[in-house]
Amino acid sequence: MALPAGPAEAACALCQRAPREPVRADCGHRFCRACVVRFWAEEDGPFPCPECADDCWQRAVEPGRPPLSRRLLALEEAAAAPARDGPASEAALQLLCRADAGPLCAACRMAAGPEPPEWEPRWRKALRGKENKGSVEIMRKDLNDARDLHGQAESAAAVWKGHVMDRRKKALTDYKKLRAFFVEEEEHFLQEAEKEEGLPEDELADPTERFRSLLQAVSELEKKHRNLGLSMLLQ
């Protein structure tokens, strides 16, 4: 179905001059072949229309002759049929109704007022799908990293818990040894005191010497206790 040529179709939508080696999109916009090549020089695809971002466009076989792909023919036939929600457009349809799976043209969308939430351009839907896929990949990577960190934290906590339990057992053992030593020394000191009390009075003639010897014995006992405690703490 050929469309009449007019002033708007005779100019390239990018350079606004007469198109050289014309390329016509399914949506009706015309471009120079060189302009389109420069426009998409750094893109890998998809390649929507540079003017309206329609995601389906074809190149003309001959200058001035519109492309007649199967998809374009189907859309033009749908546009020529009576529309349910508004007048049909003469250009290729740009939108698809996701709720009813039926095509809707740009003219019908403009006549309907604000864009309803169930209508969405195909190129925008594809772009959103890529963004969602990238977000999911990032979230999956973050989740895996968090699991690895959690596992490392649990392992470190288990190791430190083992160290604390070992130190606690060692401290209890040292405390029991020190307490038993003090009890033994106390009994030994009491026995020595009882022996001293049972000596005859003539052997206690010099109380100063006896008191000095007792002080020396007490000092040696305290020194022995202090050295033993330090040695246990340093183990």
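Note that Cβ sites are derived from N, Cα and C of the backbone, with glycine treated the same way.
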Annotated asymmetric dimethylarginine residue, as Swiss-Prot has it, among ARG70, ARG98, ARG179: ARG98
Candidate annotated as asymmetric dimethylarginine in Swiss-Prot, where the set is ARG38, ARG109: ARG109
Mean of pLDDT values spanning the zinc finger (12-53): 74
Within the zinc finger (12-53), residues counted as helix, strand or coil by DSSP: 7 helix, 6 strand, 29 coil
Same chain, 6+ residues apart, C-beta under 8 Å of the C-beta of LYS223 (ubiquitin cross-link), given in sequence order: none
